[in-house]
Every structure is written in structure tokens, then in C-alpha cells.
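Straight from TrEMBL, here's the annotation block:
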- A:74-95: compositional bias 'Low complexity' (COMPBIAS)
- A:229-233: motif 'VHIID' (MOTIF)
- A:278-310: region 'Leucine repeat II (LRII)' (REGION)
- A:418-488: region 'SAW' (REGION)
- A:488-497: compositional bias 'Pro residues' (COMPBIAS)
Amino acid sequence: MEEAGDLEISGVGSNSTINDDGGCAWTDWSPVIDWGPLSADDDFRGLVEAMMCDDNDDVAHAGVTRMAYDPYWNSNPSSTTTSTGTPPAEEPSSSDGGGGGNDDKGLRLVHLLVAAAEALAGPYKSRELARVILVRLKELVSPAGGAAGCGGGTSMERLAAYFTNALQGLLDGSSATACSRQSASHLDGQVGDVLAAFQLLQDMSPYEKFGHFTANQAILEAVARYRRVHIVDYDIAEGVQWASLMQALVSRKDGPPPPHLRITAVTQRGSGTRAVQETGRRLAAFAASLGQPFSFGQCRLEADERFRPAGVKVVKGETVVLNCVLQPPHAAGAATTRGAGSVASFLSGAATLGARVVAVVEEEGVAEDGNFVGRFMGELHRYSAVWDSLEAGFPMQGRARGLVERLILGPRIAGAVRRAYRATGEGGWGEWMARMGFGRVGISCFNHCQARLLLGLFSDGYQVEEDGPNKLVLGWKSRRLTSASIWSPPPPAPASVPPANIGVSSSMEDSDFLLD
Amino acid sequence: MFPSKKPTMNSHERPMCVQGDSGLVLTTDPKPRLRWTVELHDRFVDAVTQLGGPDKATPKTIMRVMGVQGLTLYHLKSHLQKFRLGKQPHKEINDHSIKDASALDMQRNAASSSGIMGRTMNENVHITEALSMQMEVQRRIQEQLEVQKHLQMRIEAQRKYMQTILEKACQTLAGEGMASVSYKGHGNQGVIHVGAMKDMGSPMSFPSLQDLHLYGGDDQLDMQQHMDRPLDGFFQANEGVCLGKKRFNPYSSNGKSPLICADDLRLQELGSAAACMGAQEEPSKNDQLQIASSVIGGGIDMDSITDVYETKPVLSTDGTGEKKHEGSPKLERPSPRRAPLPVERINPMIRGGTLPQTRNISYG
């Protein structure tokens with residue numbers, strides 16, 4: 001197809017706009033594949049076609065009720081950073097400029113993204129189609145008008161831009177790998193920036209604190225009477241979680257002096273060891289400043305990323321606690337996501353180690369669909385919620401948000417889309433643990449109250465709810481985002497069994513789950 | 001009491017009951033009294049609910065709604081009164097999920113022992129219940145304050161720790177010379193060119209940082225000068241501040257103009273910025289809560305941080321410079337003079353500047 005060929009040349013891997021003849025080459029372009037089998041739904045087809053047509057086309061295709069997305073998408077305040085003073089309106093109808101309503105545009109972007117995802121991995125894969133859609137998307141989110149990407153454009157546009165990016169990365173396959181590695185190395189040099197952005201994110205949202213504080217409080221309660229506490233941390237990152245735990249330990253009012261705290265960080269072989277050591281030093285210094293007896297150690301994962309409990313030195317008389325925070329890394333150079341098998345082996349080690357309690361913090365709302373498109377949409381929902389939450393809390397601080405988006409959320413989105421592409425669908429770890437015989441340790445009133453108070457410091461839309469006696473879920477406007485759950489290990493089993501629903505077949509190795 | 005317990009009369013006092021034609025059960029003693037059976041009471045409750053609650057319902061309307069023959073206004077009047085009295089404390093107890101056994105016991109006693117449904121007895125019971133409820137509420141408030149206190153300390157600890165991380169990063173980068181960042185002087189529209197940041201490997205044409213402007217302009221003042229301004233409270237906790245190449249914008253009185261720019265190539269500790277993000281927040285009165293900001297070198301857009309941290313100068317904890325501490329007592333402050341509690345720090349993130357205190361107290 002000649003025209004497709006033209007488009008391809010102009011579209012691949014770059015952001016150049018299509019050389020339209022007078023506005024839209026699309027009308028002349030016949031689709032690579034027949035739309036019929038792609039979707040039985042004429043509405044959808046018509047919509048996508050319409051969306052892929054010139055912008056001037058009637059936008060009133062908002063009569064699409066087929067896709068009912070959450071209301072907050074429509075109520076995304078469509079303020080640009082140029083708006084001054086006035087807080088963004090709640091109603092989509094009061095969107096500024098943009099003609100046709102940014103609301104509609106948001107929907108269009110979503111539909112295009114989903115279409116691209118379908119083209120990439122749906123039942124009728126077509127890389128060409130995906131490529132074409134992505135080019136179109138890039139046009140839309142980087143309109144000639146100049147409001148583009150970070151710092152400009154609406155929330156939806158920016159969000160769509162990152163997802164477009166991520167999809168493009170999938171499309172480009174290995175070249176994207178190279179790109180990300182390059183950017184990673186760039187990021188290494190700007191670790192300070194990323195950390196700064198991370199600090200911003202922490203200050204603007206309760207996501208990280210929620211997980212940490214809930215887990216810490218549960219740990220505190222579990223080790224209340226013990227003199228030696230040993231925490232085995234699956235992903236210590238910068239060790240931020242433990243600062244507040246140490247503080248809580250030293251300020252225990254009733255009776256005993258703070259117990260000796262030992263933290264063992266589980267590390268991957270090779271890269272990152274130095275960072276972990278640095279973290280250990282930092283934690284030790286912090287502990288010293290508090291007067292908290294402390295020691296730090298590492299435990300390396302095996303070559304296959306599995307955790308061997310024998311690798312952990314356990315001192316007699318100490319209480320062991322397992323801590324497993326499975327949130328996406330905020331720093332590209334930090335501990336990358338490890339395979340599900342690795343996590344499973346870690347959790348299974350709880351029984352062997354005789355852990356008193358296991359704290360798990362994980363993302364909620366992980367789509368369990370078997371297909372990529374479902375998971376992709378799940379991630380789209382998730383990050384829309386995060387976007388929305390940041391914007392609702394800080395409507396005026398567009399640039400700060402842009403920073404966080406670029407340095408933290410953007411890479412996370414890319415990683416999430418990649419994982420969604422490769423994974424065969426993992427449920428939450430909670431179900432797995434329940435199946436494996438882990439007991440549920442109730443969340444105390446104190447803990448729950450603390451979570452509520454924490455959220456109360458932020459915007460109204462955050463909600464915490466109990467999901468069972470041992471789990472608190474943090475959500476934004478009824479979209480579940482992250483959860484913290486507390487477990488007690490099952491009776492020691494003869495062998496650790498990887499979860500059945502995670503298709504770690506021989507053809508797919510754990511390394512597939514890793515970031516490039 | 002009334003709603004949950006069967007309002008029975010002690011049957012041993014009235015051994016004989018007859019059921020009239022209307023379905024009402026009347027006693028056979030000299031003074032026939034209506035026996036409020038469970039079914040009858042349920043109908044009563046239904047009718048009352050239908051009418052909008054015991055306070056809205058009147059005996060007349062209840063009679064009409066219930067439509068029970070033989071039921072007089074007198075019956076309903078007294079029963080309604082008892083119902084009202086009985087319902088109040090019981091409802092509140094439910095709301096607060098009080099599991100005070102003694103209160104329940106008292107309820108039970110009250111229900112069973114009042115063959116006559118003496119009102120005085122009810123009143124005594126109510127008072128006791130009210131008191132115990134009060135105590136319960138009090139206890140909960142205490143608990144919540146306790147949690148709040150701990151939460152604040154934990155947030156503070158986490159913040160301090162983050163500072164140490166950022167400090168380290170800051171120092172590391174400073175040591176390396178930060179080749180990636182070039183600083184274009186104190187010009188009006190200082191533009192940071194961060195080549196490395198320009199493209200994160202994405203084909204998207206996001207505007208690079210070149211397009212993002214620093215707060216330029218007229219209000220460039222020397223760092224030292226402004227140490228005396230409300231800022232100093234801002235910095236008082238941060239001894240290791242190193243000035244960044246980039247300008248940072250501590251909050252200023254008009255909220256818009258940045259103040260200080262870095263004088264040389266040292267990095268700003270963002271931690272201090274973040275720490276002070278809410279530090280000087282105006283307790284509750286201002287609409288716009290603004291916070292100071294600073295920036296970590298290389299690649300961070302000043303504006304963005306500034307945006308986050310736009311703030312009016314509020315608490316100057318050191319007492320110098322502008323002091324807008326409005327003195328409104330903050331319940332949970334252990335020491336208002338210290339670095340302001342991190343709880344408040346985050347509070348300004350609440351849009352609209354709603355009362356932080358209110359937020360802190362309110363229960364989920």
C-alpha cells in the first residue's frame with residue numbers, strides 16, 4: 001500500500017507529522033485490514049474511523065456510549081497551564097478553548113489508545129495499523145498549536161502522550177530497549193532530579209506513605225514485645241519505609257527500650273548492590289541519629305531470581321518479619337521489577353524463616369484478564385486516576401505535576417505497559433497467599449485510623465476501605481489503586497510452590513517480566 | 001429498648017390476656033391496658049418510619065397510618081412518647097458502635113423491669129446512657145489524637161530521611177560538576193538548558209526543558225538577604241543547605257515573585273524545599289496556601305517546583321521576618337515553635353485551603 005508506506009516512513013519512531021494533503025490523508029487511505037472482523041460493533045468502527053479522520057470532523061461522535069469510562073475522565077479539568085487563578089471547573093462543559101470540548105477529545109484519545117493496543121496484541125494483530133494509529137495519536141497529543149506534552153496540553157493529552165510512548169516502545173521492540181537504556185543512563189546522571197520528583201510525588205499524594213505506614217504499624221504491633229526484630233525487605237529501594245518505623249520504635253512509650261532492629265535487604269545479583277549498600281549506610285546513620293540500635297545486611301537472590309531462605313542469617317531470639325512492597329520503582333536505575341516467581345519464592349520463605357508477620361503492599365486493580373488489551377485498559381484507568389488525583393490536589397501546580405509525570409509516572413507507565421504486554425495475567429498476591437495457607441492478620445483500629453488521617457491530609461477524593469480484615473485499600477474516587485495487607489505465614493510446607501495462575505511455563509522465563 | 005426489645009409487660013402480673021376482635025391484645029385486669037405485642041409494635045415502628053421518624057409522627061397520623069381498630073390516641077400518645085425517649089440514646093449508641101456492656105445491660109434492665117414503663121426510670125437510664133456515651137466519644141477523640149500525634153512524628157521522620165537522601169544526591173552531583181546543566185545567569189528569563197533531560201528517549205515531541213522558563217526577573221535577590229525574610233523559618237531546620245545553580249523560589253509575600261537565585265554551582269537541597277513545603281502554612285485563614293520551594297539542580301524546572309510550593313509566608317518559626325502566625329491553636333502541636341508539623345506541611349495540598357485542623361480531626 002503506497003500510502004501506508006508513505007505513512008510508515010514518516011511515522012516510524014519520530015514525531016513528525018504526517019504530510020497530509022490539505023488536512024487528512026486518512027480519508028484517502030483505506031485501512032490495511034477490514035474493519036469488519038476487527039469489531040463486530042459498528043459503533044466502535046465508526047468511531048475509530050471518525051477519530052482517525054481529520055480533526056475538523058464532527059466531534060459529536062461523543063454519542064458513543066459503548067465505552068463507558070469512569071466519570072472522572074470526563075471531568076478532567078481541562079485547564080492548561082496557561083490558565084491563571086481560576087481553579088479548574090468540575091464540569092466538563094466548562095472546558096476551556098479547544099472547541100468541541102476537550103472532553104470529547106479525551107475520549108477520542110482513549111479510543112485511539114485502545115485501538116492501538118488492540119492492533120498490537122488483539123485478536124487481529126497488525127503492526128501497521130498500530131503504527132498508523134500511534135502516529136495519529138502523536139499528532140493529537142502534540143498538536144501544532146503547541147500545547148504538547150509536559151507543561152502543556154490537558155491532563156488527558158499528557159497522559160495519552162505517555163501511553164502512546166509506551167505503546168510505541170512496544171512496537172519498536174528492541175530499539176525501544178536501546179532507547180530506554182539510553183534514557184536510563186541519562187537518568188543515572190540525574191538521579192537527583194528523579195529523587196526530587198519523587199519527593200514531590202510523595203508530598204503531593206499519599207500513595208507511598210499509605211503503604212509504608214500501614215505496613216509499619218502492623219509490624220510494630222506484631223513485634224511489640226520482642227527485643228530483637230529482623231526485617232527481611234524484598235525491595236528496599238532507598239529505605240524510606242524504615243525511617244518512620246525506627247522513629248516509632250524509639251518512641252514507644254510503654255516500657256521497653258527500642259528493640260534491636262536488623263534489616264536484611266534482598267538484592268539482585270550484580271547491579272544495584274552498591275546502591276543497596278548506600279541505603280544501608282544511610283539507614284544506619286539515621287538510626288544512629290535516633291538512638292535506635294541497628295544493623296544491616298544483604299541477601300542475594302539466586303541466579304534465577306529466586307529467594308532462598310537459607311541466605312538469610314537468622315539470629316536466635318529475634319523476631320522475623322517479611323516486608324514485600326511491590327510498587328513500581330520510581331527510579332529507573334533502581335531495583336527493577338522482578339518476576340512473579342521471585343516474589344512467590346520470597347513469600348514462601350516466610351514459613352521457613354518462621355516469620356511472625358508478612359506485610360505486603362501491592363498495586364490494586366491489576367486486571368486479571370487474559371489479554372493485553374484488558375490489562376492495558378486497566379493501566380490506563382489506573383494512571384488516569386493518579387493523574388486526576390494529582391491534578392485535583394494541585395490544580396495550579398502544573399509544572400510540578402508535569403515534572404512528576406515526566407520523571408516518575410511516565411517511566412512507570414512504560415514499564416506497566418511492557419509488563420502488561422508480556423504477562424499472562426497475574427491476580428493480586430492476596431489471593432495467592434490465601435490459597436497458600438497464609439493467615440490473615442487483622443488491621444488494627446489504630447492502623448485504620450492512621451490511614452484515614454493520612455488521607456485526610458490530602459485531597460478529598462482519596463478513600464481508604466477495608467477489604468477483608470487484613471487489608472486496607474487506598475483508592476481515588478472509587479478506583480482502587482494500592483493496598484496493604486498483613487499475613488501470617490502458613491505452617492512450613494515441604495516445598496514452595498509457584499502460583500498456579502502465573503503461567504511460568506517453560507517458554508516464558510522470569511526474565512521476561514523484567515524491564516529491558 | 002423499644003426498637004429492639006420486645007416491649008412486654010411482665011406476664012406474671014397479668015396472667016390473663018384476651019385478644020379482642022380487632023386483633024389487639026388487651027389485658028383482663030380491671031383496667032384494661034393495651035399489650036404492645038411484637039407485631040403491633042412493628043406496625044407502630046413502620047408507621048412512624050413512614051411518617052418520617054418519631055419526631056415527625058403524631059399520634060393522630062400514626063393512628064391513621066396504622067389503621068388498627070381499637071387503638072386510641074391515648075395508647076399511641078403514651079407509646080410514642082416512650083418510643084421517642086427510648087429511641088434517642090439507643091440510636092446514638094449504635095452510631096458510635098459503642099459496645100459498652102454496662103450500657104446495654106442498663107437498657108435491658110430498663111426494658112424488662114418496667115412493667116409500668118415508668119418514665120422516671122427511663123430518664124435515669126437515659127442519663128446514665130448519655131453519660132457513658134459521652135465518655136465513649138471522649139475516648140475516641142483521645143484515641144484519634146493519639147494516632148494523629150504518632151502519624152505526624154512518622155511523617156516527619158520520613159521527611160527527614162528523604163532529606164538525607166537528597167542531600168547525598170545533591171553532594172554527589174555537585175562533586176561531579178553537573179556537566180549536564182548549564183546555567184544561564186541571572187537573566188530575566190533564565191532558561192535552563194538541560195541537554196540530557198531533553199529527550200528521555202521518547203519519540204514524543206514533548207517540549208524540552210528549554211522551553212520551560214525559570215521564574216526570571218526582577219526579584220532576584222541575594223540569598224543572604226532573604227535569609228532574614230520569612231524564609232529563615234524555612235531554612236532553620238536545614239543546616240546543610242547548599243545553594244543550587246538554579247534559582248529557587250522560596251515563598252514570597254505576594255506569592256508570585258521568586259526571590260533568590262543561586263550564586264554558584266552548588267545544588268540546592270530539595271529536601272529543605274519539600275520539608276518546608278507546608279512549613280509556613282497559614283493556619284487556616286488564607287485561601288491560597290503557598291509554600292516555598294527550592295530546586296535540585298540539573299533539569300528541574302524551577303517553575304514546576306515553584307508552582308507546587310507557591311505559598312504565602314506563614315509561620316516564621318524563628319520569629320523573624322514576617323510573622324503571620326495567626327495564633328490559632330493547633331490542637332495537635334506538641335510545640336508550635338518547632339519546625340511546623342509535617343501534617344500541616346501537607347495540608348496546603350488540600351485545594352481551597354480548607355481548614356487543616358478540621359481535616360485532621362475529622363474522622364475519615
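We number each residue from 1, going along the chain as drawn.
Cβ atoms here come from the backbone N, Cα and C positions, even for glycine.
A TrEMBL annotation is a machine prediction, not a hand-curated record.
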Near the region 'Leucine repeat II (LRII)' (A:278-310), which residues from the same chain, at least 6 beyond its ends, have a CB less than 8 A from one of its CBs?
232, 234, 236-239, 242-243, 246-247, 249-250, 258-269, 338-339, 341-342, 345-346, 348-349, 352-353, 510-511
Do you know the DSSP helix, strand and coil residue counts for the region 'SAW' (A:418-488)?
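Counts, helix then strand then coil: 24 helix, 23 strand, 24 coil.
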Using DSSP, how many residues in the region 'Leucine repeat II (LRII)' (A:278-310) fall into helix, strand and coil?
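When I sort the residues of the region 'Leucine repeat II (LRII)' (A:278-310) into the three classes, I find 15 helix, 7 strand, 11 coil.
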Mind checking how the motif 'VHIID' (A:229-233) divides into helix, strand and coil residues in DSSP?
0 helix, 5 strand, 0 coil
